[in-house]
Amino acid sequence: MGWFFQKKKEFDFGGELDRLEMKLEEAQYNIDNIQSQKKKILFRYTVCSLAIYTIGMAVWASRSSILFQHPLFSKLFRISLYILGVFSLYMFRWAIAWFCEKRLSRARMNLHKLNAEKRKILDALKSRKEYFETQALLEKYGEQPTLAQKKLSNAAAAKSVPGSSSSSSDPMHPQHWYDRVLEGLVGANENSENNREALICSHCFHHNGLASYGEKASDVRYVCLFCKAWNGPPIDKSLPSSEMDSNLQTNPSSISKGKKNNSNNTTQKGPNIISSPQVINASSPVRKAGKKKSKKALPTSPLSSSSPDASYNSVSDSFHTVAASVPESLTPTK
């Protein structure tokens with residue numbers, strides 16, 4: 001009589017949800033497989049049947065005898081026969097598409113039933129289970145955002161990203177078989193998303209738009225809109241010395257002004273201080289004490305922008321050689 005007092009076995013929500021999840025994945029895979037098969041079958045049938053029928057009609061028309069006495073009637077009959085054959089091929093293509101659509105609708109109905117069953121189990125789970133156990137199961141098997149919500153969020157993210165093209169906001173039209181033929185003849189569209197690399201942040205892995213056509217995503221420098229992190233190759237801040245020399249040569253007047261300011265600061269008026277550093281030449285005659293004549297100082301020619309040889313290196317070298325030749329006794333006292 002022990003079986004009479006046994007408790008009723010509780011419903012296993014976790015196992016049932018696992019089983020439904022596997023069935024949902026199989027149903028979704030079946031839908032994707034049917035759609036891809038439909039596109040391949042229709043494309044191959046359209047191209048192959050039309051090419052074979054056209055070649056066969058051309059061979060038959062060239063080798064067949066005149067059906068009517070008037071040649072114009074014969075041409076009209078062959079053209080009408082060709083059009084009738086093309087129409088029959090199109091009707092057969094429509095029948096194939098209808099059969100694939102029936103399979104696709106049946107698979108979608110199965111997916112809809114599985115989703116409804118999963119929703120019922122989730123509703124029962126919310127009313128029976130404890131809070132923490134329910135929360136864990138809902139996070140694992142809860143319903144994901146719908147397709148419409150995903151499209152709205154993707155559109156808002158594309159508008160907020162400055163690098164994304166304006167063509168991505170336009171509605172996507174289904175690609176037909178003649179679009180593929182034109183892409184093979186003319187070339188792919190440069191603005192298409194399939195021909196441009198996505199900018200994925202290396203830190204938070206968020207989408208930051210698309211790179212330009214022909215440009216690699218690893219060569220694009222940008223700041224992530226979500227984590228504000230820097231992405232792309234680092235910027236080389238060091239400049240070569242040739243660029244610095246060219247910048248100095250473009251403004252020689254500033255160099256001459258800096259030289260004058262340095263000479264005024266180092267040489268001050270005093271009884272034992274000379275006004276400017278001079279080189280003492282042994283061959284120069286010694287002035288007598290009684291004579292008060294003073295030799296006029298030659299005006300120093302400042303650097304001008306017209307002199308082609310003026311550069312920062314030449315000015316600094318000449319200044320240091322003159323300063324080094326002055327005796328220590330003539331240096332200004334503080």
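Note that Cβ sites are derived from N, Cα and C of the backbone, with glycine treated the same way.
Predicted, not measured: the structure shown is a model, and the values here were computed from it.
Feature annotation from Swiss-Prot across Ser276, Ser284 places phosphoserine at Ser284.
When Swiss-Prot is compared with the stretches 39-65, 66-92, 201-227, the one noted as zinc finger is 201-227. If you take every residue in the topological domain 'Lumenal' (62-78) and average the pLDDT, you get 72.
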